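Quick look at what TrEMBL annotates:
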- 91-272: domain 'Malic enzyme N-terminal' (DOMAIN)
- Tyr114: active site, proton donor (ACT_SITE)
- Arg167, Asn422, Asn467: (S)-malate binding site (BINDING)
- Lys185: active site, proton acceptor (ACT_SITE)
- Glu257, Asp258, Asp281: divalent metal cation binding site (BINDING)
- 282-536: domain 'Malic enzyme NAD-binding' (DOMAIN)
Amino acid sequence: MLSRLRTTCSLRPCVSVCRWAHTKEKGKPLMLNPRTNKGMAFSLPERQILGIHGLLPPKVETQDTQAMRFQNNLKKMSDPLQKYIYLMGIQERNERLFYRVLMEDIEELMPIVYTPTVGLACTHYGHIFRRPKGLFISIRDKGHIRSILDNWPETNVAAVVVTDGERILGLGDLGVYGMGIPVGKLCLYTACAGIRPERCLPVAIDVGTNNETLLKDPLYMGLYQERDNSQAYDDLIDEFMEAVVDKYGQDTLIQFEDFGNHNAFRFLRKYREKYCTFNDDIQGTAAVALAGLLAAQRAIGKPITEHRVLFLGAGEAALGIANLIVMAMMELGMSHTEARNKIWLYDKHGLLVKDRHQETDSNQEAFVHDSPGNVQSFLDAVNIIKPTAIIGVSGAGRLFTPDVIKAMGTLNHRPIIFALSNPTTKAECTAEDAYTLTDGRCLFASGSPFGPVTLSDGRVITPGQGNNAYIFPGVALAVILSGVRHISDTVFLEAAKTLAVQLTDKELEEGRLYPPLSNIREVSIQMAVKVVEFVYAKGMAFRYPEPLDKEKFVRATVWDTHYDSFVPDTYDWPGVSFSPKK
């Protein structure tokens, strides 16, 4: 696997950024800095030149040996949280080694550094905290955010992932413990798309928390106050956005992550035409879900315009997916009204219909329909609406009951069942339930990973994981490289189509709706290439001159895990003598 990764990422900057660091007084800090530390892989000349000779055991190791030690230690661990702590510890000490091991075994380790284990890590954040990995900005810092950004040691930041911790996965309000999410997202920026780690900045905005358990916990690390929802909160976010752009530039990518539904939509509308920003919970989730539907239509032989989609959940993820499906249908000639009529939403108060007693959010109004009949449960909604696809984004657990799954199997020869809520305990159903209750006929995808399912007749089906990591790293790489100032929803529509076509016929026959995670680096690079082509064609790119060979352009910038050399660049002057002539 590693050889393939290195082949696709072999083009590197011709000058090492670390050549300057070869003085004795910089040696010890070089070992303590995870960006430059090589552990026992420092060569003998480097140890002598840097003044660290004797500070390491005499053996000089290769990165291969270091990786083997790292992997052997991981194999001895069975608890996911312990694996997370160990992995993050390596990241804090030796960044390139961390990413090498992560990239070598991305299918096994992505669920550790990202969903579902990152959710568990967030809930225990105050108990497992070792070293801060990002910026913490509290509402008490209002008026001084630029000076806090100045404290960040890296000056060439290209991508910021920010959360206020109000809605972490399906776990709710975790306050500053939500920092694990930006850290995990940015790990995937690097592992999946090769964005240089020093160009990534994780940020947690602390305006308090409404989680009573945290407010009573002596180990909680944020402000002991309820969330500030006043104008001061909006002013803080405004100041943050202005400070980021002022320091790092107008084309700095700012990804919003795990904000509450109301604020997520509000900030997306407010900032999308002013900054280079997107919300992964709305737009990234939408793209990966649409890609799954586009892949499913290859198996079913039915265009997306002929599908009826019923959502369980009506928050930011559901509305993001619904709106992108509408765009995809309209691209195929369907009117806006016709497309919206194909989509139904069901939340904790029931089906979104006119004149229901509960108030409807303004973001949901486009998908409020006349009542189709007496719907008292989600099962009633399935039986009355007769959807071809059900998509779960409720974060409420096993609400795709056996009766619901059986009903979908009765209504459709190849029912589409997406249980996208994270973490695993919040998924609407398991892969095993979906396949066994439909005799293996369903097309299933989940947000968290499920293993292959063996049916009673011996067939083995490999479920697809609708992971946002298929989308946001590649899109981010393309946006950064092309200098996009504002990210249109059409970018995510293009990303969804690009992801769908990267699934091979063989993988589709295995039951997958997405390529194997083991190929995600190449998937992300191909996505970046297609998105770069798209934004230049649509006049969205501001990086000039436009590269003629887009693929070569993208691959030449991709960061890899090879260690840099700290030996000074020495050479002779041919034909030059330093001795006087006789």
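Keep in mind that glycine also has a Cβ here, set from the backbone N, Cα and C atoms.
Relative to the residue listed as 'active site, proton donor', the recorded positions with Cα atoms inside 10 Å are Lys185, the candidates having been Arg167, Lys185, Asp281.
Cα to Cα, Lys185 (active site, proton acceptor) and Glu257 (divalent metal cation binding site) are separated by 9 Å. For the recorded positions Arg167, Lys185, counting C-beta atoms within 10 A of each C-beta gives the highest total at Lys185. In sequence order, Thr163, Asp164, Gly165, Glu166, Arg167, Ile168, Leu169, Gly178, Ile181, Asp281 are the residues of the chain that are 6 or more apart from Asp258 (divalent metal cation binding site) and have a CB within less than 8 Å of its CB. The two recorded residues, Asn467 ((S)-malate binding site) and Glu257 (divalent metal cation binding site), have Cα atoms 15 Å apart. Recorded residues Glu257 (divalent metal cation binding site) and Asn422 ((S)-malate binding site) have their alpha carbons 14 Å apart, per Cα-Cα distance.
The Cβ of Asn422 ((S)-malate binding site) lies under 8 Å from the Cβ of Thr115, Pro116, Gly119, Leu169, Gly170, Gly395, Gly447, Ser448, each of which sits 6+ residues away along the same chain. In this structure the residues listed as binding (S)-malate are Arg167, Asn422, Asn467; their two most distant Cα atoms lie 18 Å apart.
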